[in-house]
Amino acid sequence: MNGALKSGPLTANWFNQPLNLDFSTTEGAKAYQVAVNLNGNWQPTRMGVLPSPLNDALSGSVTWNGKVGIDLPYHAGATYNIELNGDLRNVSSHLPSPLNKPAGEAIPVHINADGNLKSFALTGSAGSKNHFKQPLVIKSETDAGSGYLDDGQPDNSATACSTRR
């Protein structure tokens, strides 16, 4: 059977950072499945994607791990789930509140994307008080729809977000 593959530990470079990964595949009754495990200890300022003012306000590193699950049904479209977890304990931020923090302060981060080739839902949290949720539609001109950012303040208000390109 060609569908049952399992890699050993692999290393790569992604966003100018070292990446550790492994993968496995399974040929199921209804779908071909791919599972990828990822981890790294990245310095956000070395990624090369942050705007200069943001890059200049950060220092330190983030230890993180992730899992990617892809289902390739034999008679339907692909679906995927991406889960990333990390901790901002070793990151220092000199951004305005509520994004400022000293190194040593633990802030667990969880990001999840569930979707298919047409759309996905992006959800996540940073610490126990900050949460976000954003549905995204994939098309030639991105219309991200609307979502929310909850800062955990006692007034129970959430900031509505709408993004168009």
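Even glycines carry a Cβ here, placed using N, Cα and C.
Feature list (source: TrEMBL):
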type	residues	note
COMPBIAS	154-165	compositional bias 'Polar residues'
DOMAIN	2-134	domain 'YhdP central'
REGION	143-165	region 'Disordered'
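A mean pLDDT of 95 is what the model gives for the domain 'YhdP central' (2-134).
In terms of DSSP helix, strand and coil, the domain 'YhdP central' (2-134) has 8 helix, 80 strand, 45 coil.
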